[in-house]
There are 2 protein chains.
Amino acid sequence: MKPDTLDGWERTHLSTDVSENDVDSEIMVMGWILRRRDHGGVIFVDLRDRKGLLQLVFNPEFSEESHAAAHAVRPEWVIAARGIVRIRPEESINPDLPTGKLEVFVQELKILNKSEPPPFPLDDDIPPTDAVRYKYRYLDMRRLGGVRDNLLVRHRVVSLLRSFLNSEDFIEIETPFLTVSTPEGARDYLVPSRISPGSFYALPQSPQIFKQILMVGGFERYYQIVRCFRDEDLRADRQPEFTQLDIETSFIEEERLFDIMERMMEKIFREVLGIPLTLPFPALTYEQAMSRFGSDKPDIRFGMELTDIGDIVTSTEFGVFKTALQNGGIVKALKVDRGERLSRKDLDDLRDFAAVYGGKGVAYARIKEGGEWQSPIAKFLSSSERDLINQRVEAVPGDVILFGADSFKVVNDVLGNLRNHLAAKLGEIPANEHKFLWVTEFPMFEYDEEAGRYQAMHHPFTSPWEEDLDLLESDPGKVRARAYDLVLNGSEIGGGSMRIYRSDVQERVFSALGIDPEEAQEKFGFFLEALRYGAPPHGGIAFGVDRIIAILTGAESIREVIAFPKTQRATCPLTGAPAPVAPEQLKELGIKVPAKK
Amino acid sequence: MKPDTLDGWERTHLSTDVSENDVDSEIMVMGWILRRRDHGGVIFVDLRDRKGLLQLVFNPEFSEESHAAAHAVRPEWVIAARGIVRIRPEESINPDLPTGKLEVFVQELKILNKSEPPPFPLDDDIPPTDAVRYKYRYLDMRRLGGVRDNLLVRHRVVSLLRSFLNSEDFIEIETPFLTVSTPEGARDYLVPSRISPGSFYALPQSPQIFKQILMVGGFERYYQIVRCFRDEDLRADRQPEFTQLDIETSFIEEERLFDIMERMMEKIFREVLGIPLTLPFPALTYEQAMSRFGSDKPDIRFGMELTDIGDIVTSTEFGVFKTALQNGGIVKALKVDRGERLSRKDLDDLRDFAAVYGGKGVAYARIKEGGEWQSPIAKFLSSSERDLINQRVEAVPGDVILFGADSFKVVNDVLGNLRNHLAAKLGEIPANEHKFLWVTEFPMFEYDEEAGRYQAMHHPFTSPWEEDLDLLESDPGKVRARAYDLVLNGSEIGGGSMRIYRSDVQERVFSALGIDPEEAQEKFGFFLEALRYGAPPHGGIAFGVDRIIAILTGAESIREVIAFPKTQRATCPLTGAPAPVAPEQLKELGIKVPAKK
């Protein structure tokens, strides 16, 4: 059977546009068949289009021809139907559907395309496996309530972001995709040049240098919603290409920038989720966040703060604590209210949990009546030490205290993650709450033990605090950066900094990073030169758009808010990319690949 | 001298926000120094920010300290100034500036950054050479009236495009950049995969397949403003990466799509240029356009149509005409009204002009009193042939008739281009007119002599006309495509087609293109499969955004509407991309490049 063609037919209504005002009118609708059922000689079809569902009725007494044609149709066939809108009989009204009171008596049916039986039913609430969904993404997209709805929200959010930023006098400027490597810390995707064999473009990890150049160019308020690329080994929820809301401003400092960003978030949450946010957002310094939550992206929807007890156990006999302190490490406690809810097994499992973050274990104490400790380590601590700890963490009977003793990094990693883990396990995280937090005053550098030198914690264009400038040479580890992250419910959704705008400071920072002047000149000469021609004070921020949309839609993974995501092996399940190419293509590029074995 | 820091200072006004309402108020402004002049002991500075200019006055009687500081400042230094708004004395009012009646008496000056003397003056109307401008793009951007203004228009146009399409219920969906080769006819940029050595991603030449998959997925109305990539030898005004407005719709045909696109253009032209457009736009078939204008993108702002005279000279003795017709070619005339304005040299130069388009020459005749021909070829044509030609082209004394005789392609290429060339030369092209034109019914295939097979004229996903389907196997050259271009003032600004939505038709078109089923399966198997699951009738269009902005701004090149354009050698004058990379990077990718010689 050859399908029909549109041949001049024009849709008059989308499904959900049909209303009681249209009763007895002739309309024309088009879409996919979700379900078809034969009921007492009458055929009922649920037609699906991009707005929703509409019931079509093929009644032989109304139109013998269209009834006959409707016998053939199957799920996911594409049809166009001309018919008359009717009110459904009382007993077949569906209150769950916007069009549930209506149906269309079809006079004429066009079958525009057939479909093979879909590999999974599209009217099922239970989605198929991910592997099947991604291979048949085009069918997955037709399911109401899945990725399709997420992409509609995404469109709406991105539109709102743009309209907000436009109203604040920002302008969107496009920057190159075929560019040079920038020192963002991750691996670049490279693009071989055909015209200059042996030379390569790099796909941008972010438009960092370009947006700073735009500030030198006087644009003052820039944004771009832009694809960025990182050739990393893909952890849980990363994609090799991801979308960034990239922002840069001139002549303003943190306070004003934060204000604009907070109003932007407020608008999104209000208009998309109907949730009011309280402004301004709270802020913690990096020091405070690490000290209280063991994390630079703490989830502040719940308490369970960490407590340093190093001073209490400073002269303890307990070897684990003692060694940690002697090695310059720390000892911290995490009190779990009513930790008695944790089983023996839960507590035994903590060793494995700690191991993930490089820890050797987590000691614990169950607090009993009178403050007594039931704990494998009770005997190693003096009674006064135990009392002081109880007091410090305000433990009451029924609580559990967990202990970490190791380096600053390990203790905070273990207890910070444990805090999230236990809060989720014990149901202490309020659903539907959205708590934003600024984290500020990050260290400028972190020492890379392996490389034996300092590395930029944010990136090397981040401005140090003016009052810490003199530490750049004498004690780089102490230099604070004017860098900040925006954290939502324990996820870092954005980060940025006030930038260096003086070439002398930029050169000193390169030098602190062990980049010698020659290398700096070779890699960033054009940028250092730009800084010499009247760069204004400037700074900015970048947000992970995929992540924000995932939070807004409640999606479990950013893959659910991306039309065509890649797998953890960076392949495309739909197209099969990457793929081998023709030898002539490689020859033109002057590159060789090892022969396949 | 160490620059000052903002340290809490906040700008109260942008330059052009300052008005007479602010007189006697204290304001704070920030920006760059455009000019500084010392006049009778008082220093005047033109401050430039992103909105415009504002005059600052440093009067020692008003503030000795700030006057002293102002001695140091030079062009392009970055400053912040706190001062009092005053009305200028009558004699120093500048009526050309929005702020020309005002000035600011500065109480306090901060020098935020210094600048080396710029390599070209920024207050000059004459731009420096392109090479200098692109190297110092950040300074070029500060010039009022140049690329800076173009980028502002670009932002505005792109915002309007989005708001229009959103209001028409389109949704913007992002598609992958790391994907597979699609058969667009141009060379792909490749990205080596690290995880699968020997495999490559391709950067998209357009999101063609993905937007069609989105239609199969039921989105019905998609758009995206997206970067695309073609690794071509760069002709005059092309860029290796360019921006496309990509659109796809389902369940509609040409008429409805054209209507939406026309209203989109109408909105842009009205809101950006204040120019009303008349809708609907005129349309010509490919046949008509070639016949009348010798071009599939005719500039219809002027006449000068071509006339076929093959039937008049069908039995001529004139060898050039005779040979052309015998070889299956054509003979056409282009009458130039008052062609007497063309000099002997102009006419002699036509041979070289023709050569560019593969022609051997252009014959001409000057029309004298009584219709007499003054022409090197007059003697080869009979008097009745000459009369019939005069009559056909409506020649009057003073006109010049130009002749092309060769293959269909060469004659039209030569005369079509000559038409544009002479119209420009003779001042026949009305400035400030904007004439849109649809060109439709393109041939489906063109025969590639070199490859000895047919190639898709648009691309292989274009739908043939339903009534031409049966010619696919018997006479592919005659198959018309449902393809169309939108032409503005002789430039193709957009093109698209109704697509094939039946897998059987897609397979037949692949076969007509000499792509055997196995190859089709290997390359596009996923797409052919998608067509089998209920693909709706769909079609779309894509516009060159850079080109449209260039037309709207009157820019001479698309490089003037791109922040960081590349050279004709596909290099970036600012960053130096492409560049060699570290050997370790190539090792990780498993690729080898030839050693530098």
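Backbone N, Cα and C atoms are what each Cβ position is placed from, and that goes for glycine too.
What TrEMBL annotates here:
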| type | residues | note |
| --- | --- | --- |
| SITE | A:H39 | site 'Important for tRNA non-discrimination' |
| DOMAIN | A:153-565 | domain 'Aminoacyl-transfer RNA synthetases class-II family profile' |
| BINDING | A:E184, A:R230, A:H458, A:R499 | L-aspartate binding site |
| REGION | A:208-211 | region 'Aspartate' |
| BINDING | A:R230, A:D231, A:E232, A:Q239, A:E492, A:G544, A:V545, A:D546, A:R547 | ATP binding site |
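Cα separation, A:R547 (ATP binding site) to A:H458 (L-aspartate binding site), rounded: 19 Å. Residues A:R230, A:D231, A:E232, A:Q239, A:E492, A:G544, A:V545, A:D546, A:R547 are the ones the record ties to ATP, and the longest Cα gap between any two of them is 20 Å. Helix, strand and coil content of the region 'Aspartate' (A:208-211), in residues and according to DSSP, is 4 helix, 0 strand, 0 coil. Note on the region 'Aspartate' (A:208-211): mean pLDDT across this stretch is 96. A straight line from the CA of A:V545 (ATP binding site) to the CA of A:R230 (L-aspartate binding site) spans 15 Å. Checked against A:E232 (ATP binding site), the recorded positions A:H39, A:H458, A:R499 differ in C-alpha distance, with A:H458 being the nearest. For the pair A:E492 (ATP binding site) and A:H39 (site 'Important for tRNA non-discrimination'), the C-alpha distance works out to 54 angstrom. Look at the Cβ of each of the recorded positions A:H39, A:R230, A:H458, A:R499, A:R547 and count the other Cβ atoms within 10 Å; the largest number goes with A:R499. Distance noted between the C-alpha atoms of A:R230 (L-aspartate binding site) and A:H39 (site 'Important for tRNA non-discrimination') is 56 Å. The two recorded residues, A:R499 (L-aspartate binding site) and A:H39 (site 'Important for tRNA non-discrimination'), show a Cα separation of 70 Å. A:R547 (ATP binding site) falls within a helix when secondary structure is assigned with DSSP. Distance between Cα atoms for A:H458 (L-aspartate binding site) and A:H39 (site 'Important for tRNA non-discrimination'): 65 Å, as a whole number. The DSSP secondary structure for A:H39 (site 'Important for tRNA non-discrimination') is strand.
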